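The feature domain 'Pecanex C-terminal' is assigned by TrEMBL to 1003-1172. What TrEMBL lists as transmembrane segment is 46-66, 72-95, 136-159, 165-187, 245-270, 314-330, 342-363, 428-451, 561-589.
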Amino acid sequence: MGPDVPLLNEYKQEFFWKRFPQTVLGGPRFKLGYCAPPYVYVNQAVLFLTPWLFGGIGTLLCQLQLLQELHAAVLSGMLMFTAAAGVQALAFYAARKSGTVERLGAPNILVDEEEVEFTNCVSPETLRFIAPGKRFGLNVVLHTIISGVLCGFGTWYVFLGRLTSLYGSIGVSLVVFVLSWVTLCIAEYSLIVNTATETATFQAQDTYEITPLTRPLYIFIFIAVDLADRFSNPVPELQLACQTLHVLFLFLPLLWALGALPPLDALLFWGMEQILVFGMGGSPMSSNVRLLLMFAVSTGITVCNYFIPSALGVVLFSVTTGFLLSLDLSQVGSLSKSPREIALYVTLLLVATAEAGLLHQFFGSTQSQNLVSGHQSHVSYLLLILFFLCWALREMQGAYVCGGMFLNPLYPKGTSNVQTFKEKNRGLYLAAAIRRALLYFVSPFAMIAFLSMDKSLLSLHTVSISVGLTRAFRVWQSSEDALLQMVVVVLGRLAAGGHLLPGWDSLGTGVQLLLVGLLIDRLSQFLAKLKFTLTVLVTSWTEKKQRRQSAGTLLALNTSLWPLVLAVVTLSALLSAPLLPLFTLPIFLVGFPRPQRSWPGPVGTACPCPDSIFYQQMSGSLASALRTAFSRGSLGSLAPGSHFLGRFQDRMVWIMILERGYGYCTVNIKGLELQETSCHTVEARRVDEVFEAAFERPERLGFTQGFNLHWGNALTPCAALAVRAYSDARNVLSGIIDSHENLRKLQDDFMKALIWLLLRYCVQKHRGFLWRGEEVSASGGTKSQSSQFAQTTCNQPFEAVVVESNLSSFRFRQESSSGTSFGDWSDEDDLFGPQPPRRTVALVTAEAQPGHSALQIGASLPGSVEMDSLFENMALSALQPLQPLGLSIGMPAVDKSRNTEVLKESSHLNFSCPQSEIFSLPSGWRTAPLLPSRLLSLRPLFPEEWFRFTLGRFGLAVQEETSADMTKALKEDEVLKELHAKVALSCLILVGAESAFTSPSYIYRLYCGDVPWTEGLDWLSSRKELYQLTLQAFRFSFKLLFDQASLGPMESPEELFSTLEEYERDWYIGLVTEKGWHDGVLQEKPFLFSLGHDLTMGTYTGRVLSLQEQLIQVGRLNGEGVRGQWANLSWELLYATNDDEERYSIQAHPFMLRNLTVQAADPPLGYPIYSSAPLHFPCL
């Protein structure tokens, strides 16, 4: 797609320009897109101006001095309450009336869904269009009461007398009065008549009708400040705030329209998160419930600190609670299983409490007022040393230094082998261990010592000092950030020398640390947002594929209005709100503040697909690698809200830090699609280039070559992590599967594999791995034990899901045909006569199972094609013709009575060796409907030498005492040999393999389990264990063909035996679509093999998955760039409903990684194929 793809298609443009005026005005729909009677617009205008009318009555009576201000405000509120109740009553009446009216005639489905047929000005349709009403009765009462209160307080807020006292000018007061009532009318209409769709949308659905309360809430906040000024002693700052807010009150409609003010739920969680982090020293939490609980507990501890009378008690209580709240208390259950960790935490707590109490008791009261000298100054210098040591040791752990600008010469490069990489990293591991000890076990005690001797403890019982000290003593939550904040305070004191700074020093150390932490956070956000702004602005012109026709104009506007752009960036940083690039163009707005997680729903929702299992398998190993990287500092400074991107082969892993505390971290791991779109491929290629520049350069580089050429990219490489994951290799089998020489060996390998599996089956049965009663099942009993057999074998054979899937399609057709008769659709004058149904393994199996004998297939629609196999997408010319079952045309006649006589034999066999009973096969497997002459003709195909060799190997496994004579007698038992020969040759015939394999399509079909029909197929399919062993043997034989064609032939029976053992133990050989493949990946089978068919190329492919330790390259993303793009995505999809798959804002952007960022968003806006639940893991 080109850069000039429309931002909104024509339909969405029309929809947007109908919705946006409604949002600006609070709900009135004056732009409908179709003709409507004038009374529809007049009624909406009257309802919109009703609050102004009632407020004007109160204001007029007050100005005429007929009523006092309070009484006039109450009168206006009562009038508005009455009007709101009337509107709700009319809405209820219209809903009841519309529910009883029966519309004549069928509705026209081609008419726009928003078009309404108006009959008169008070018809139910008109009333429901203007005032849809509330869904819940409680909201009817609540919103009606709030509308009256809002009108009353609003009238009081904008009295002309009050405005004149604030501004001292009648003219200014009149302007403010008129425009203020526009704001009030917008809020009232949205609350009581019809709620507009807000541009600031946090939830995809407003289930509980919270949106109507958003605009009145902000008006109440303004009114609360005004009431505080009215009923308090004159405070110049408060009066200035009132003057400012009265002017800002006029611009509320603009802020609502731009979506700068958050909805109630986002405001609540954002406010609690900001207070918890900066006011109480906590961390953003991984869920809303955890946030509520932690906020409540932290608030309670702060209040308790305020009422503790003694300074020593405050110190001990703050140290204890600060340590406990910094731990992951939700994992107490798992922590109780590790006594060493419990002992470590208890020891740390006791030492910290003793240190704080002793230092405060002996040095706290004697602390000098001179901040440069005294005992605290010695600790200050120690803090400086610790900070610079920890910073230097952390910098050398990553691939880049100095904020990602220069390559780290100490970091190993050009290494793909995991062991070599670990060897080169040993020096860095030592440095990381030193840093970890200093940061987690030395720095917290040094900071506690600094705080315990602080002079601010001498002046307790003030709110600011209690809050500041409670926060300051929570040094364990994020030791690195706390150390940085304390070092900044210490440097400020050292810079001031022995001089006191009255405004600063009077705040106390706790409040100073709070302000420094807030300043550092906002400054880092400002720099990240500024980098994101420059990236969007510059690349809109330098990247040809991003250069739209308006790029030059937008670039000129941003350049000429740079102070305004800088103000927008600054404001978004101060509010900790995302910087929203509209449609990802250089048009920057301040998005509404929201929690760091950006999304309201629970963590862990995804859009799963078959490839999701690869991310699910590697998530545990990746979490373990992340734990090590976090503790070493390889990924830099960790803060909740940080985003990382991992790359391995065709897989993309998105990692988000949700929560951080002492010794633990909570992350969310997402898996992105495997390069299925062109946009994804373009950005994946750029990600590879960025990682190659960091990890695959030579060891020694000059200064200019060591500069990060991709510094402007959103991705900054950090480290390579060793993770156990599957390596995916795909090979085209041309020259292997179609080679006549290879195909001639396949029959012999099939017989050997089948004999090996039959003997292994007997060994497992003897050892009790199989259920008792196999004889009954194998002889045609009513209950099969295939599921138990599949569970006991390490390599599951042919999956029953193939049969079940086909069978379910038959059942569906049977049910659908029973509800609707398709007899009329059948063609009576078929030119080719009645066509017999195709008989596949699925159908034969279904008929053989009890309860499905009467299964019927309904008639199909004329012209439709029914295919009930795994080869629906395969070209019909590639399939061999199958013999129809049920027709005797062209088929040899079978004398069933003679077959019955032939198959009669004794169930008891006279073995010459007692051990032969162990290797005896079920009697039901000996009754194949085949003539003895046919089996005798194929007797040379039975490999006797291989049978004796395999029997000898398995015989040693089942004998309690090894005996050479017993093994020899076992090999010479002719009855046992003939038994296995008969069963093996019967299976060979029944799968149609009595002649050499010649067709690749036949091999593929047999591998997939779509066995062509033979006269004994129903007998074989009814013996589930034997049927599965046969198919598993064929898959083993094909894998042998594949390996021998690649690596050379097997040179001895011992090598073949060990190879089959390896297949059974370490391999899953099957199909990608089978459940066994899914389970094999999750169970971390060392190897998986699958045979596939590329219909477009007409080739057969082999796919091999190998589980091994691989290096996954991980880089840090610009968190503010991610939040900004997600904010635009939320606005674009939830408000503008721009879900076009080819929209501009989802196109590939090599610098912003726009397509990958959209994918990583939580559903329903994004579409990650895997998303883990919050993963809590220790990182000490």
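Placement of Cβ uses the backbone N, Cα and C atoms for every residue, glycine included.
At the 8 Å Cβ cutoff, the transmembrane segment (561-589) and the transmembrane segment (245-270) share at least 3 close pairs (sequence separation 6 or more) and count as touching. The stretches the transmembrane segment (136-159) and the transmembrane segment (428-451) do not meet in space: the count of Cβ pairs below 8 angstroms, excluding pairs fewer than 6 apart in sequence, stays at fewer than three. At the 8 Å Cβ cutoff, the transmembrane segment (72-95) and the transmembrane segment (46-66) share at least 3 close pairs (sequence separation 6 or more) and count as touching.
Cβ atoms under 8 Å from those of the transmembrane segment (165-187) belong to residues 25-26, 48-52, 55-56, 59, 150-151, 154, 157-158, 215-216, 219, 239, 242-243, 246-247, 249-250, 252-253, 256 of the same chain, restricted to positions at least 6 beyond its ends. When Cβ-Cβ distances below 8 Å are used as the criterion, the transmembrane segment (314-330) is approached by residues 281-282, 290, 294, 297-298, 301, 304-305, 308, 345, 348-349, 352-353, 356-357, 360, 364, 448, 451-452, 457, 460, 466, 469-470, 472-477, 659, 661-664, 666, 1176 of the same chain, each at least six residues removed from its ends. Tertiary neighbourhood of the transmembrane segment (46-66): same-chain residues 25-26, 28, 72-73, 75-76, 79-80, 83, 87, 130-131, 151, 154-155, 158-161, 177, 181, 184-185, 188-189, 193, selected by CB-CB distance under 8 Å and a gap of 6+ residues from either end.
Between the transmembrane segment (342-363) and the transmembrane segment (245-270), the number of CB pairs under 8 angstroms, six or more residues apart, is fewer than three, so the stretches are not in contact.
Taken as a whole, the domain 'Pecanex C-terminal' (1003-1172) shows an average pLDDT of 90 in this prediction.
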